[in-house]
Amino acid sequence: MAETPKFTPRVFSGIQPSGSLTLGNYLGAMTKFVDWQNRGTHETIFCMVDLHAITVPQAPDTLRHNTRELCAGFLASGIDPEKSILINQSRVPEHAQLGWIFNCVARMGWMGRMTQWKDKSGKNAEAASLGLFAYPALMAADILLYKSTHVPVGEDQKQHIELTRDIAAKFNHDYDVDFFPMTAPVIEGAATRIMSLKDGTKKMSKSDPVEASRINLTDDADAIAKKFKKAKTDPDPLPGTPEGLEGRPDARNLVNIYAALAETSVADVLAANEGKMFGYFKQDLADLAVSKLSPVSTEMARLMKDPAEIDRVLARGSERAREISVPVLEQVYDIIGMVR
Ligand code: AQP
């Protein structure tokens with residue numbers, strides 16, 4: 001007889017409402033989330049991580065708007081709030097409570113080694129918020145609060161999932177329990193790292209101050225075409241094989257985006273476009289992007305006309321989430337010796 005797994009197969013992942021969703025978030029995260037949901041092999045929980053967003057300054061009205069718009073993005077991309085639990089982090093207080101406990105489990109040295117901390121704090125780490133430094137401990141809490149077994153993410157988040165495992169292992173060891181799972185990062189598919197349209201060595205980000213560096217899901221067809229037209233490339237035509245993209249990060253990025261949108265391989269895209277100049281390829285890419293993204297952005301705009309309905313979806317999601325999170329946190333409090 002097959003052994004019953006100790007942990008319920010459960011997927012958790014989140015996106016920060018720190019700006020408008022980018023093509024990077026969509027291809028690297030959102031489409032994968034929808035896949036997981038529709039596979040039906042795991043429970044799925046998706047989160048708008050608003051507490052993470054305030055680790056850097058956010059104007060309150062903008063944050064509110066971005067959180068609702070992100071929720072609209074989840075729904076428009078195919079997340080079904082009946083099949084998946086859809087929440088915003090601040091509405092499930094156990095995230096912050098477990099986050100505090102993990103602040104006391106994680107070590108300063110671990111946090112100081114995080115690449116995202118180094119990138120985002122930059123040269124002025126003294127002025128960065130304590131929250132930005134502690135971010136990965138809260139992220140570990142987001143994941144482990146639901147004893148999640150799998151976390152689909154883009155390449156940039158791999159280090160944080162490894163840290164989540166370190167925190168789980170230290171907690172289990174320190175308290176001599178087998179309470180938290182060793183969560184697995186799932187980094188799969190063609191679009192694990194979509195790069196800036198202005199610099200093929202830098203990740204496409206919602207908070208990049210250069211608007212032309214990214215495609216947003218709220219961009220209209222015109223804006224998408226213009227951004228691809230002005231995307232950085234090199235003067236050479238497209239090669240016939242992936243090896244021909246060596247040392248050409250901007251060219252590689254555009255081909256990679258095309259392959260991800262067309263749900264095909266880079267090799268197939270190159271075989272079909274060998275010798276084409278980027279001026280023409282960018283036009284094809286823009287047409288493909290518009291055809292794939294416009295149904296999503298149209299649906300997002302429709303959903304945003306009824307913010308009360310979005311709030312109801314999130315309220316219902318948090319009720320369902322708390323059916324899991326409240327007992328888990330109670331057990332954690334018991335394990336660590338809090339009088340209840
Ligand atoms: N460029 C990208 N390519 C592939 N995947 C990406 N992700 C983000 N950018 C890319 C994936 O999207 C998910 C949500 O990310 P996030 O919003 O929590 O934070 P982030 O990774 O820091 O994303 P941004 O867009 O760069 O936000 P800001 O600018 O606020 O920091 C994650 O799974 C991430 O891997």
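A Cβ is built for glycine as well, from the same backbone N, Cα and C atoms used for every other residue.
The motif ''HIGH' region' annotation in TrEMBL falls on one of the ranges 17-25, 35-43, 62-70, 89-97, namely 17-25.
When the ranges 158-162, 203-207, 318-322 are checked against TrEMBL, the one recorded as motif ''KMSKS' region' is 203-207. TrEMBL names Q16, P17, S18, G24, N25, G154, E155, D156, K203, M204, S205, K206, S207 as ATP ligands; from the candidate set I143, I194, the record adds I194 to that same site. Other Cβ atoms within 10 Å of the Cβ of N25 (ATP binding site), summed over all protein chains shown, number 25.
Comparing the binding-site residues D142, E155 by how many other C-beta atoms lie within 10 angstroms of each C-beta, the top residue is D142. Just so you know, of the binding-site residues Q16, S18, the Cβ with the fewest other Cβ atoms around it within 10 Å is the one at S18.
In terms of DSSP secondary structure, the motif ''KMSKS' region' (203-207) contains 0 helix, 1 strand, 4 coil. For the pair N25 (ATP binding site) and D142 (L-tryptophan binding site), the C-alpha distance works out to 18 angstrom.
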